[in-house]
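Trainee: Annotations per TrEMBL:
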type     : residues   : note
COMPBIAS : 1-16       : compositional bias 'Polar residues'
REGION   : 1-24       : region 'Disordered'
DOMAIN   : 32-148     : domain 'Acyl-coenzyme A oxidase N-terminal'
BINDING  : T154, G193 : FAD binding site
ACT_SITE : E437       : active site, proton acceptor
DOMAIN   : 491-657    : domain 'Acyl-CoA oxidase C-terminal'
REGION   : 724-778    : region 'Disordered'
COMPBIAS : 749-765    : compositional bias 'Low complexity'
Amino acid sequence: MAQWNRSGYFRSSGSRDVNPDLDGERQTASFSVERLTAILDGGADNTRTRRAVEAVIHSDPGFSRENQYFQSQNERYETAVRKSVYLKEKMHQMGWTEDGPEIKYCYRALGGDLAFNVHRVFKNSILALGTDEQIAKWIPLADKYHIIGTYAQTELGHGTFLRGLETTAIFDISTQEFTLNTPKISAMKWWPGDLGRSATHAVVFAQLYIKGKCYGLHAFILQIRSLHDHSPAPGVIVGDIGPKMNFEHIDNGYLMLQNINIPRENMLSRFSQVLPDGTYMKQGSDKINYLTMIITRVQILWTEVIPMLLKACTIAIRYSVVRRQSKLNPGDPEAKILDYQTQQQKLLPLLATAYAFHFMNAYVNEFYNKGYTEIKQENFDSLPELHALTSGLKAIITEYCTAGAEVCLRACGGHGYSALSGLPFLYTKLAASCTYEGENTVLFLQTARFLVKCLAAVHSGQPIPPSAAYLYSVDSGKCQAWTKMDFLRPDIYGEAYRHRATRLLGNAATKLQALVQSGAEQHEAWNQCTVQLVQAAKAHCHYIVVKNFIDTVEKLRNEAEIQKIVKHLCDLFALHGIFSNTGEFLHAGYISGDQMDMVTASYLDLLAIIRNDAVPLVDAFDFTDESLNSALGSYDGHVYQRLYEWAQKSPTNQQVRTVGYCHGVWGSQGPAPSFPAIHRDSQPDGNTEGLLDNRNTVPSRACRYNQDPSARFLCGGQGAKTPNLGFPVSSPPAQNFKKPLQPTPSSPPRLLLSPLSSSPAKVSPGPTPLLAQVSSLK
């Protein structure tokens, strides 16, 4: 057997040469990757700033993500807390601020594995709903982490339907206090992040009652844990909700309140307030309680959701040019799997979707900033449109990104299923986004309600918001494409999307009106139309994304190389949508069967064109290996070596013998035979035979050694031989198998916060609490 040269395969990641298959893809790029990266970052200055921040983060061992996939839930949480505390220190050291550009680059570099994410939502809710006095009181404490906040809205029995929340806040005129209660089990707050173990304070949403009258949902600040010993406040029952598919680093929790009294000033009162005599005063829109959720939706799109689709595409496409499987032509080498049209059809439309959503996100942020400024000035005219737009786009983007991450996972075959690929982590994290901050079906229906009102306004000659202005357009009747090349014209496919959105909304509204006119109650009629209404809302959002992509291409007119490839992506995104929703475009004869054949032909042509630039297009996202944290998607493309190296980090691979296997399989009957140790160092010639001896024999009380010959093989008994695997069973470099494993603490350390008016609390005896460090930060 030929000797296996380990040194040629296991150089450190930083010194490896790039896999030739991946390097060849980069050499033939049709555009400047660096220039496209700058455009995606919003300018070359932003790229330089981002890379400088990432260099600081990744060069600091305190932020290492090594071994993340082998950590327990408790270890993930504690690691996230330590990193969050350390990040605060690092930001102070570097002169970075919470409102500066560096913070978003820190989150990108760290892959979202930080604690206290909902602490930001806590602050945002105070900034959005609080008075200037409340902001001045609470925000400095939150900024310095003297308090840790959470946002307690969702309940065990209610989520997206805010009006159904059951937590109560009753105002007592005699004491000038609100008394908060969760009167039944379904009223218990359930799911808020940072609530289970970390938070000391919460913004709690509850139904306001004054003199027996309910005034609807309002936000209140209350303390839920002691600032001295972190114990629950009297009347507060709080804890962690248990294991989840992902987000192990977040302590999602539950909260029950029993007669918790808070001062009148703790109701967030920018848009509504209760006077000392119990008079209720309100200004602004009924939808103002949605404002915090609008802010959060916008933020999660650009910090969490869209970047995860970009990462999934990067991993799957890089892997698809490294992985070779079967042959396209007899006698040829095995082909890259991205050379197969079916693999292209899986991944390249997702790549186009990633670009579409990235550019859409820039539009949403601009639209949100304008609307939020108006709302802060007590102009609520744009709030209904802002709510409808962010609801629909949150729904369609999270839905597409989640489905896309799963496609990327399956496109990588068995290796995609490995946690080390990074894809299961992305997929399960994205799956949650379809539910949190509003369940997607409900959000589509909220967008649909807005659209039905807009359509009614069009018919009555009233003005409508800009995002629905296309409803004014006259129906063009039939698609004007005559050849497959016509379907590469933005005006052709843009009009097809507009026609679909208008038709589906019109059909749903017509059915709704007919049901009401026939005597059905409004809510009954609405329920009977919800399937069509969701279709209409999706078509509206799809059209908005396509139209924005077309506008983005037009703005790149001074970047010829970049505009050309981005135009190809725009074409592919649009044609894939038509190809995947054939029935909706063929219905009513707007597109004919022959024209649909033209769509298919152009769509398949685009796959071949974009395939040539697939790797440069994902390289332009400019994710570092540390941020991707994927054995399949690293820049150098050495997939198999990295998979092997990372697998060696598993704690199970630090155990030479698996004695428990014998104990568990064969029971406790019979004598306890001894079996020899297996030495993991190979012979000089690479042969693994003859590596068994009788030193350090380990008794097995449970192995029916004599009765079952397989025991002699599995347990390494007398006379057994290690099978020849084709390579030696050897340890990775510098791995000490003799070092005992450190036991995991049976219970996590207590989390303490110092009093607001004193120095950090001293804890004795025991280790320094994880959160006690935070309050000392400047």
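Note that Cβ sites are derived from N, Cα and C of the backbone, with glycine treated the same way.
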Trainee: Are there residues of the same chain, six or more positions away from T154 (FAD binding site), whose CB falls under 8 angstroms from its CB, and which are they?
Mentor: K189, W190, W191, P192
Trainee: Using a 10 angstroms cut-off on Cβ to Cβ distances, just flag whichever of G193, E437 is the loneliest among these recorded positions.
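Mentor: If we count Cβ atoms within 10 Å for the recorded positions G193, E437, the smallest count is at G193.
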Trainee: At the level of the C-alpha atoms, what whole-angstrom distance separates G193 (FAD binding site) and the residue listed as 'active site, proton acceptor'?
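Mentor: It is 12 Å, counting Cα to Cα.
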Trainee: If you average pLDDT over the domain 'Acyl-CoA oxidase C-terminal' (491-657), what do you get?
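Mentor: Overall, the domain 'Acyl-CoA oxidase C-terminal' (491-657) comes to a mean pLDDT of 96.
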